[in-house]
Amino acid sequence: MQPTTSASNQRLYFLDWVRILAFFVLIAYHVGMYYVSWDWHVKSPHAGTGPEPFMLLSSPWRLSLLFFVAGAASHFLLRKMAPGTFVRRRSLRLLLPLLFGMLVIVPPQPWLEVVEKLGYADGFMAFMRHYLVGYGGFCQDGCLVLPTWNHLWFVAYLWVYTLVLAACAALLGNARIEALAARTAAALGGWKLIVLPALFMAIVRILLADRFPSTHALVDDWFNHATYLPIFLLGALVASSRPVWERMERARWIALGIALAGWAAIVAWHAAPHIEHSAQMMAIGVPIMRCVYTLCAWSAIVAACGFARRHLDRDGPARRYLTDAVFPVYIAHQTLIVVMAHAFKPLKLAPGVEALLLMVLTATGSFALYEAVRRLPWARPLFGLAPWGRARPASRIAKTDTCTPLRR
């Protein structure tokens, strides 16, 4: 995939910072899942609706942003190698951590889920015997599928999307992809930068959200695929387009205002007593709010990239360190949250104190794990780090070879 309209030598440090900051949002969000009324693996005795407006601040755009940046990073990697080589490298760097995560990192999460929700008392090793054989008897409606990837679903989806991107590159060739990238960049001028992607996402949400509820199971998750795959491919198409990034930078304040207004509307909608609304009102209100949701989501992505390009387009030791750390930290963080949240329950801490402890200790534990893993040659590939022979600091996104959802 070769660029046409761009500075192919442009350093996109700001996209690394977008990924890094998105990780810290991810820690806070998953800690928040312990305290809201929405279903999750374990729940706080204090769970309720109070924190939900703050969760809604990032939930419309958080994952779409990661897939958008993933597409950009994948474009630069694919530019340096043949599609077959790209697929082999991505498969090794994604599938090995996914398999290791499902076998070693993730199991404490469903174990504590059945402990808390079903009163399971046979211990972790007994649970693992059920886990490894795909036991389905914990619930009869398919509410707990074993083995599971839980938060590592992103890695599985990213692998599939990289296969699609590589297939497109192999089938279409550089010339056609260049032309498509140029047309895409030209189409996103002025107001269309915000409106066109948001409109596409709204159509997908209106048509598919009810028919294909989110499952993160890969094979039947058509609404999520129709949302995340196009935005991943869009990231790949505009990655080398300097004009698109410049437009995002110029539009950052407008995009931020739209995103915040959309967030306020979403919070108001969630707080409204929908049970009192007529079917006619819901038939009108739901499609409108789905348009608001996607406009909020895409505007937030534009704002995030625009502000990052304006203020964070620079290198330094912190960027290099954090860029390397984010994938191991991502793999570990949710299990640490679940285990510590369960362990804290007997202490009966105040919710605010407990939440702060969870965030601080999760970050500390995740980075401590990274510090250990990066020093062990045999462990590096299990956490998505390059082997010693190929490990190197990533000087820019166009040269990075670490496979991480926060880069993706």
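Note that Cβ sites are derived from N, Cα and C of the backbone, with glycine treated the same way.
TrEMBL entries are annotated by machine, without manual review.
The transmembrane segment feature in TrEMBL is assigned to 12-36 (among others). Counting residues 6+ beyond its ends, the transmembrane segment (12-36) has Cβ neighbours under 8 Å at 42-44, 46-52, 54-55, 58-59, 62, 65-66, 69, 72-73, 76, 151, 239, 245, 304-305, 308-309, 312-315, 319, 322-323, 326, 329-330, 333-334, 337, 341, 351, 355, 358-359, 362-363, 366, 394, 396-398, 400, 404-408 in the same chain.
Taken from TrEMBL, the feature domain 'Acyltransferase 3' covers 13-370.
Residues 1, 12, 15, 18-19, 22, 25-26, 29, 86, 89-90, 154, 157-158, 161-162, 165-166, 169, 201, 227-229, 231-240, 259, 296-298, 300-301, 304, 397-401, 405-408 of the same chain lie 6 or more positions beyond the ends of the transmembrane segment (61-78) yet place their CB under 8 Å from a CB of it. Per TrEMBL, the feature transmembrane segment maps to 61-78 (among others).
Residues 74, 77, 124, 127-128, 131-132, 147-152, 155-156, 158-159, 162, 166, 327, 331-332, 335, 338-339, 381-384, 386, 402-403 of the same chain sit 6 or more residues outside the transmembrane segment (90-108) yet have a Cβ under 8 Å from a Cβ within it. According to TrEMBL, the feature transmembrane segment maps to 90-108 (among others).
Look at TrEMBL and you will find 154-173 (among others) tagged as transmembrane segment.
As annotated by TrEMBL, transmembrane segment applies to 185-208 (among others). Away from its own ends, the transmembrane segment (185-208) comes close to residues 5, 64, 222-223, 226-227, 230-231, 234, 237-238, 241, 243-244, 247-248, 251, 254-255, 258, 287, 290-291, 293-295, 297-299, 302 of its chain (Cβ-Cβ under 8 Å, at least six residues beyond either end).
The transmembrane segment annotation in TrEMBL covers 228-245 (among others). Sequence-distant neighbours of the transmembrane segment (228-245) (same chain, 6+ residues past either end, Cβ-Cβ under 8 Å): 1, 3-8, 10, 12, 63-64, 67-76, 78-79, 157-158, 161, 164-165, 168, 177, 180-181, 184-185, 188-189, 193, 197, 200-201, 204, 305, 309.
According to TrEMBL, the feature transmembrane segment maps to 252-272 (among others).
TrEMBL lists 284-309 (among others) with the feature transmembrane segment.
Residues of the same chain lying 6 or more positions beyond the ends of the transmembrane segment (321-343) and with a Cβ under 8 Å from any Cβ of it are 16, 19-20, 23, 26-27, 30-31, 34, 41-42, 44, 97, 101, 105-106, 108-109, 112-113, 115-116, 150-152, 354, 357-358, 361-363, 365-367, 369-370, 373-374, 383-385, 393-394, 400, 402-407. What TrEMBL records for 321-343 (among others) is transmembrane segment.
The transmembrane segment annotation in TrEMBL covers 355-373 (among others).
Sequence-distant contacts of the transmembrane segment (355-373) (same chain, at least 6 residues past either end, Cβ-Cβ under 8 Å): 24, 27-28, 31-32, 34-35, 325, 328-329, 332-333, 336-337, 340-341, 344, 349, 379-380, 382-383, 385.
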